[in-house]
Amino acid sequence: MAAPGTPLSSSATQAISVSTVDAPSDPLLSSQSAQLDGHSSWDTHMGGSNGIGSRAPSRANTPGQDQMPLTIHSAAQRGDLPAIMRLVDSGRATVHDRDDDNITPLHWAAINAQLATCRYLLDHGAQVDALGGDLIASPLQWAARNGHVYVLELLCSRGADPTITDSQGFNALHLTVHSSAVMPLVFMLQQPSLDSPEGLDSTDSQGHTALMWAAYQGDAISVDILLKHGADVHKRDGAGLTAMHWAVVKGNRLCIRLLADAKADLLAKEDSGKTPRDMAIELKSIGAYRKALADIGLEEDGRRKQRTFGASTDRTARLATMVVPFVALGFIFATFAALPWYTAAPFAAAELFGMHHIVTRVILDPHEHDFLQRSNYFLAIVAGSIAWVGWEWVHKLASATPGYASNNLFFALSLIVCSWNLFRAASISPGYAPLVPSALHRREIVTQLAQQGRLNGQTYCVSCMARKPMRSKHCKLCKRCVARHDHHCPWVANCIGVGNHRQFLLFVGALVVGVLQFLYLTVVYYSINAPPYDPLPDSSYETCHLPFAFLCTATTFDAFLLGVALWAALQLTWTVILLVAQAWQITRQMTTLEVSNLGRFGFMGGKGGQSYAGQTNFIAQHSGRGQPSGSLSAATDRLQGIHKQFGENENAEIDVNLGADESADATSTHAHAHGSHSKLNLLRRVFASSSSWLLSIVGLDLYTRGKAGEGLKRASAAANPFDHGLLSNCKDFWSRGEDLNLDYTTLYDLPAEVSPGHCQVVPFLVDTVTAGGRGGAWRNRSPASGYSLLRSGADDDDDDSDNATMPVDAAGRRKWSMWSNLKKSAKPPGSATAILPTSNATHA
């Protein structure tokens with residue numbers, strides 16, 4: 001049995017199969033849950049032992065607790081700074097004291113995010129890199145394992161060394177990745193000692209890099225961040241496994257896609273000769289592997305797909321997509337002109353389906369990620385419709401409606417304004433936030449935000465790796481942060497932001513006015529030129545079968561024009577709503593996104609707890625697998641608690657707490673309990689799904705998603721620091737911020753020109769606590785609801801046999817696990833059973 005600190009064998013990584021459906025259990029992670037308010041999640045482990053030889057102080061209300069002796073270590077756990085000061089000033093303790101487990105007060109303060117306590121201890125001479133605990137780790141490593149970003153910043157500013165390794169070979173970067181905390185990872189990667197390839201790709205005792213750990217955990221955001229900083233996708237561990245091999249072990253589609261897009265070697269073989277594809281077949285994650293490669297246009301063997309029109313965003317595909325809707329709409333209108341309407345309708349539906357099939361299955365690649373949203377398909381439909389309306393006006397209405405010159409002139413102006421602003425809204429930049437020019441500049445930004453206690457998802461974008469301006473949002477389709485982001489509009493194939501919002505509003509307004517003028521001129525055209533409809537005397541031979549005589553007249557005289565007019569009238573159903581909503585929002589100095597957030601989350605700036613959710617990364621990680629998890633439920637409960645802490649609606653919707661399987665179970669249970677209504681419920685679900693899709697297509701889903709509609713009610717009473725009245729708001733919109741002397745692309749703080757008296761300040765969610773140290777959102781967390789995002793297939797009890805180096809599932813198959821040998825290394829010499837560390841305390 002290996003003693004702690006002994007180099008670990010790579011035999012734990014030998015290939016065997018594991019199901020990618022059930023999330024395996026990581027005993028090391030579950031044992032390393034956070035120490036909160038001095039309460040150890042492993043107080044009762046091994047008959048009350050905490051795994052390091054003594055029981056950690058607990059805050060449970062037990063008889064005689066008040067009589068327990070106060071030590072500097074228990075005070076540091078609780079963040080009781082006055083008690084620490086009394087102990088130090090009286091000489092009863094020093095900042096260098098170690099407890100029975102060789103742990104310093106700074107370790108306990110760091111693991112519990114007691115920032116003020118950490119600062120006091122360091123100011124009074126505490127050793128910043130003191131090593132202690134069973135795993136012989138530093139305070140920086142304790143804080144890193146729990147993702148306490150502001151403790152990390154304090155320790156690093158006092159000279160803590162991120163490259164120090166514990167007895168398992170983990171440095172601060174590895175442990176930050178283990179925490180799945182995003183902002184701490186961003187901060188750690190800015191440290192000079194980790195910025196070089198040697199630091200970024202440093203390995204643990206088994207040769208695993210931080211990228212391998214992130215891939216193994218299915219942590220797509222951490223994988224993306226590491227790749228953006230230059231992590232090596234070709235590096236191998238002690239068993240010859242690359243990061244792609246470990247991503248396949250987890251079966252996370254997002255991680256596999258990111259690594260493949262970063263040119264990872266898909267044909268790399270580990271020591272036993274298996275490629276990532278071979279392992280995917282063996283571990284039953286081949287489905288995720290295939291879909292991940294298809295997302296970026298690759299075949300299963302890694303070859304680029306050979307398509308006639310190339311990728312969905314290629315120039316050839318975009319040109320073909322622009323042509324097909326125009327031609328298809330012409331065929332549809334011609335069908336109505338050639339056949340009776342009741343015969344033409346099914347043919348027109350078939351032609352419409354054919355158009356959609358050609359675009360989405362022949363021209364575009366349906367297997368690419370977000371292929372339809374990233375294409376110009378809907379822009380082509382709008383442009384083709386405008387072209388046919390203009391053709392009918394030039395070809396028929398302009399010359400056949402004498403006496404209506406003013407209406408024709410007004411329509412011509414509307415057509416020109418609409419077409420030009422559609423082109424401008426689709427082609428110009430929506431107002432992207434600037435990217436950092438260099439890694440040095442990025443380091444300065446991250447360090448400054450961390451020092452200010454503002455390094456979170458609302459101020460820093462981990463996708464752009466740049467500062468995020470106020471009122472901006474990162475668009476996953478445009479892959480940039482858009483200043484004063486309104487929404488991503490499929491009809492212009494572009495984001496709507498400060499740079500093109502004015503053109504978008506002119507386009508929608510001119511479209512509504514132009515359609516109304518076109519419909520009026522169409523009615524005049526039929527009134528002047530079409531002979532009155534004369535129905536047949538014998539109704540049994542009637543061919544019109546329409547409710548209004550005017551429609552019969554129009555179909556008899558010029559059905560092609562009628563088809564174009566009805567198609568144009570159909571667009572009024574959503575453009576009028578959109579125009580009214582946009583005009584109202586402009587007068588209130590709000591965007592569509594802000595109105596939506598106001599209804600769903602209670603304030604304009606974004607999601608309550610957004611920075612915390614972004615740091616813990618539980619949404620992205622579990623959506624990649626689409627499976628329910630106990631840790632996900634625990635995290636969701638904590639997020640709901642944060643919502644309540646901010647005074648938001650207790651019934652606020654959180655869409656991440658129900659996995660696919662769990663949702664299906666709930667549906668089936670409901671159907672069983674109400675069998676007589678099962679068909680009705682099915683129809684309701686189909687209607688809800690289809691209506692949701694239609695709303696997303698026309699861009700109105702932001703008003704209906706969850707409780708977004710309530711934003712329209714709350715907006716009138718919402719505190720908005722940018723709202724300066726109707727006239728000023730309209731001038732600011734038209735001048736793109738110049739009227740308020742603002743540059744929205746670089747607006748990081750409220751300027752003096754914007755009155756702070758209008759603003760209701762929402763505090764940032766940080767993992768720091770006050771000098772009292774009693775906890776905020778951390779306080780009520782029980783050990784049972786441990787927020788574990790790192791799991792493995794190993795069982796809680798190890799087989800003592802030296803031959804049983806790999807865990808085995810119920811079917812007798814061995815499992816892949818990066819933790820297997822680490823568990824064995826945690827056994828003390830001569831121990832018959834492994835005493836696993838059950839908190840970051842033993843990660844010392």
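Glycine is no exception: its Cβ is also placed from the backbone N, Cα and C atoms.
Note that the structure is a prediction, hence the values are computed from the model and not measured.
The feature compositional bias 'Polar residues' is assigned by Swiss-Prot to 18-35. Positions annotated as repeat 'ANK 4' by Swiss-Prot: 168-198. Look at Swiss-Prot and you will find 399-408, 525-559 tagged as topological domain 'Lumenal', backed by sequence analysis. Swiss-Prot lists 319-339, 340-360, 378-398, 409-429, 504-524, 560-580 with the feature transmembrane segment, giving sequence analysis as the kind of evidence.
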Count up the helix, strand and coil residues in the repeat 'ANK 4' (168-198) according to DSSP, in that order.
21 helix, 0 strand, 10 coil
In the same chain, who gets a Cβ under 8 Å from the transmembrane segment (340-360) while lying at least 6 residues past its ends?
321, 324-325, 328-329, 331-332, 366, 371-372, 375, 377, 380, 543, 545-546, 555, 559
Which stretch from 319-339, 409-429, 504-524, 560-580 shares the most C-beta pairs under 8 Å with the transmembrane segment (378-398)?
319-339
Which sequence-distant residues neighbour the transmembrane segment (319-339)? Criterion: at least 6 residues beyond either end, Cβ under 8 Å.
309, 347-348, 351-352, 354-355, 358-359, 363-364, 375-377, 379-381, 383-385, 387-388, 555, 558-560, 562-564, 567
Residues of the same chain, at least six outside the topological domain 'Lumenal' (399-408), with any C-beta under 8 angstroms of its C-beta?
393, 517, 520-521, 524-525, 528-529
Helix, strand, coil: count each for the residues of the topological domain 'Lumenal' (399-408), based on DSSP.
6 helix, 0 strand, 4 coil
Looking at the topological domain 'Lumenal' (525-559) alone, can you tell me the average pLDDT?
73
